[in-house]
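Record features, source TrEMBL:
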REGION    68-109  region 'Disordered'
COMPBIAS  71-85  compositional bias 'Gly residues'
DOMAIN    120-516  domain 'Amino acid transporter transmembrane'
TRANSMEM  152-176  transmembrane segment
TRANSMEM  216-235  transmembrane segment
TRANSMEM  247-264  transmembrane segment
TRANSMEM  271-291  transmembrane segment
TRANSMEM  311-331  transmembrane segment
TRANSMEM  343-365  transmembrane segment
TRANSMEM  385-410  transmembrane segment
TRANSMEM  438-455  transmembrane segment
TRANSMEM  461-483  transmembrane segment
TRANSMEM  495-514  transmembrane segment
Amino acid sequence: MATVIRSKISNKLSNAATTVTNKSQEKVSGMFAKLGFQAATDEEALGFAACDDLDYDHRQGLQMDILKNEGMGGEGGGDTGGEGTVEGDSHYQRDGTGPPPSASKDGGFCSELGGSDKPRITAWEAGWNVTNAIQGMFVLGLPYAILHGGYLGLFLIIFAAVVCCYTGKILIACLYEENEDGQLVRVRDSYVDIANACCAPRFPSLGGHVVNVAQIIELVMTCILYVVVSGNLMYNSFPNLPVSQRSWAIIATAALLPCAFLKNLKAVSKFSLLCTIAHFIINVLVIAYCLSRARDWAWDKVKFYIDVKKFPISIGIIVFSYTSQIFLPSLEGNMQKPSEFHCMMNWTHIAACILKGLFALVAYLTWADETKEVITDNLPSSIRAIVNIFLVSKALLSYPLPFFAAVEVLEKSFFQEGGRAFFPDCYGGDGRLKSWGLSLRCALVVFTMLMAIYVPHFALLMGLTGSLTGAGLCFLLPSLFHLKLLWRKLLWHQVFFDVAIFVIGGICSISGFIHSVEGLIEAYKYNLSD
């Protein structure tokens, strides 16, 4: 009798504790739900359960293999392709020679998280890729940002480096979730996957569409900027020739038409080394000339006040020079030691911050109020042509990478989504590109040329792109996704950082976009030259 009474009392106490816990969790969840945050979706929980089940099957399969080998004396132990194996058997091998597991509803979800035979890159190689992305030719527009921002422009170069480094890290953190054992598991593979997870379950594909649109805009605008800067530099290098800037842009586009025939990144990667060499030569020549005029540096021209109308454009220029978040998930997924990603991000952005700040300051001190949108246009005519030819070569060699990336996103979104595709596949059964698909690629090249002809303003276009998509992909979306997916695990200072970055990024994005558009309208209305 006493045992029955004790059991009833313990049951009532446990039920009461469970009820209180559930109510408190409901209150907390309801409060955060009103703020727009939610816990992990059921799809993610099912994904973890599937991974745990497969992991259990894997361990059981290894034990069965050991028992079978001991019972059969090892005979036939290495033959995993025999008739005795049927679909659904948990018969795995550590060397991967066993049959693949049966298809499940997750569409190969767990297999994507597992190891692959693709070559991995070291932290130094990953850092080299990030460095090439954030220290490209658009650094040549930073002195123009100092012209309108003064010392605050220098501060923003440092601030943007810190923020972009932080948002890159939290973006990668959104790729992982903890399983039941408390271990971090990579459950997402790309920026699009993170966006879709944030919009699930009501709009499971909305976030991916938003990120894809932002990526396409940024990549296409990058291609346009390469054509704009090529026409601008060639026109300023040979002003005596009867060739206008628009004509030079058309000539540059003619040289870029073969990009429409690109099939993979293998051909594109061949240009990387040439781009690096050209960029190194350009920086050395510009810095050497600036140092030769160190006695004439105009320190008194560096202002503590800002041009309210043009400074927001400078913010977009600075932000655009740091954009690398698009490919960070893929880069981290291909690293030999993903644990070194944070360290890699630290030293690459510290180096970029120092080099960009010094380059922008030294160049501005040399030419002060005469600083132009592309700093090489300030060089004397004797060396300007040589430097600009190297710069044009780098621009033309850099064009294929964003063009190919934009084509891939467009083809995957509109032509290769299976039953969800808007248009038929642009590739034939033999894998060759159809003629109309090639025509669309050529049309994209021509579109970049037309934009470069009718909007030939490098700084304004760069500021517009940085304010529209750069701030969104580097500031707004990573901080929002971090709050949305990991709010239960965030400390108060992390929440503060995310909210502050989102608010500041939103203000800078809106103001920069408005002033860039106003500048373009003014330049187009009064036919202002760069």
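Each residue, glycine too, has its Cβ placed from N, Cα and C.
Sequence-remote contacts of a segment are chain residues at least 6 beyond its ends whose Cβ falls under 8 Å from one of its Cβ atoms, and for the transmembrane segment (438-455) they are 220, 223-224, 226-228, 231, 246, 249-250, 252-253, 256-257, 259-261, 403, 406-407, 410, 426, 461, 520, 524. In this chain, the transmembrane segment (152-176) does not touch the transmembrane segment (385-410); fewer than three CB pairs sit within less than 8 A of each other, excluding pairs fewer than 6 residues apart. Most Cβ pairs under 8 Å with the transmembrane segment (343-365) belong to 152-176, among the candidate stretches 152-176, 247-264, 271-291.
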